[in-house]
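**Student:** This is the structure I want to talk about, given as structure tokens.
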Amino acid sequence: MFPMKDHSALEQHTLSRDELRRRKGYKKGLQLSILLLGEKGSGKSTFLNNLCGQDISLSDGDYDDDDDKVTNNVTPENGNAIEDIDPGYKTAHLSPGLKLVTRRVYLNDELGVPITLDIILFPGCGDNVDNSQSSVVIKNYLDQQFANVLKEEVRIKRNTKETDGRPHVCLYFLKSTPRGVKKFDIELMKTICDKVNLIPIIPKADGLTETELNLHKDIVRQEISQNNIRVFDFKSDTLGETLALYDMDIDSSSAKSKYDNDTKIKEISPFAIVCSKTFNKNSENRVEHIRTYEWGSLVVEDQNTSDFIYLKAILLGSHLQELKDVTNNVLYENYRAKVLTEKKNNYDIPNYSYIDETSRGSVSNVSTRRNSASRTLGNPDTNDENAYQIHKEIDEKNRIIEDYQRKIDLLEKMLAAPHQNKV
């Protein structure tokens, strides 16, 4: 008798590196950082509650996208916080300013894999009379997250526990208007599209007829193409592949069905979604969010009435790792190459000014500035001992980087050279 083969060991040996990494990631849990942009009233907070299946408490004195109440915001007129002002005509003349709100949410998806969602919002984005500085602040925030990672990489003693604050995807909520996409939204998307994976969203799609919705999607696609806005590339991925992870299929035989399993994801973008604060559990004990009208009701998770379920499957399932890989291997590497190239004529990695959660100053007063150490290093002849030590440490780091670069260049030459030793 021949000994029985250990098929589990054989399977482990033949698994691809990506598959092994995926299985290991499932055991440790997954993490995704989501940036949500769009003007007030576009339904961002309700979308997050539907996506996470829970109330993530964005309205506890900081932010409520679906509420008219203004709390703890900053006005350009006086730079002071406004506390609990009643909605209506009393606040109609006030600009809300711009601030940063972050939340961390822990959830288990349908596959039973623990997922950590880091949520980033900029309340006031697009809501001010003068929005000219909003794009600068948001761009600087994204650049600063890249800079933080780069600073950690060039440290001699690296802090492996340093939090990575880079957003992996930006969901941009574009409210439908008769004139198409607003100029501010176009300019902001152009500004940030090379710093974060951009996915355009059409919220509150139930307010449009099917003809109006298709027209608005065409307008958004046209504006994105004409303005060379880079959006996340789904390549030839299909909706059927996306839903397969959720053990779901597209019922193309249904009269209501708009798509089939072979429909490419990029063909339905921008995603038209409907969300609701009302929910219940269906016969399979799954949470369903219900939107009620005079003529009936609509299930948010129904694939025939909204693109929400496809977007959820993309973010929490099929494309979660790809969004992170593109962020790290493409967007960050482009930033890193640019900064290190410029660094030959500079002493330090730049700092970028943006409004953090503790800053309540007016956006119009924000300007890019370097920190005190950078200003000191700008004068090589300074007698300041601290500046000398910092200067010396940076020179040491530069030498290490140059040594690594020489080794890389040497390896590339060796790989490119013909194998002359072969007979």
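Placed from the backbone N, Cα and C atoms, the Cβ positions cover glycine too.
These came from Swiss-Prot, pasted as-is:
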{"type": "BINDING", "residues": "38-45, Gly124, 204-212, Arg291", "note": "GTP binding site"}
{"type": "COILED", "residues": "384-417", "note": "coiled coil"}
{"type": "COMPBIAS", "residues": "360-381", "note": "compositional bias 'Polar residues'"}
{"type": "REGION", "residues": "203-206", "note": "region 'G4 motif'"}
**Student:** Could you work out which of the binding-site residues (Gly38, Gly207) has its C-beta surrounded by the smallest number of other C-beta atoms within 10 A?
**Tutor:** Gly207
**Student:** Cβ neighbours within 10 Å, counted over all protein chains: which one of the binding-site residues Lys44, Lys204, Arg291 has the most?
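**Tutor:** Answer by Cβ density within 10 Å: Lys44.
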**Student:** Could you say which of the binding-site residues Gly41, Glu210 has its Cβ with the most other Cβ atoms inside 10 Å?
**Tutor:** Gly41
**Student:** In the region 'G4 motif' (203-206), how many residues does DSSP put in helix, strand and coil?
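**Tutor:** DSSP composition of the region 'G4 motif' (203-206): 2 helix, 0 strand, 2 coil.
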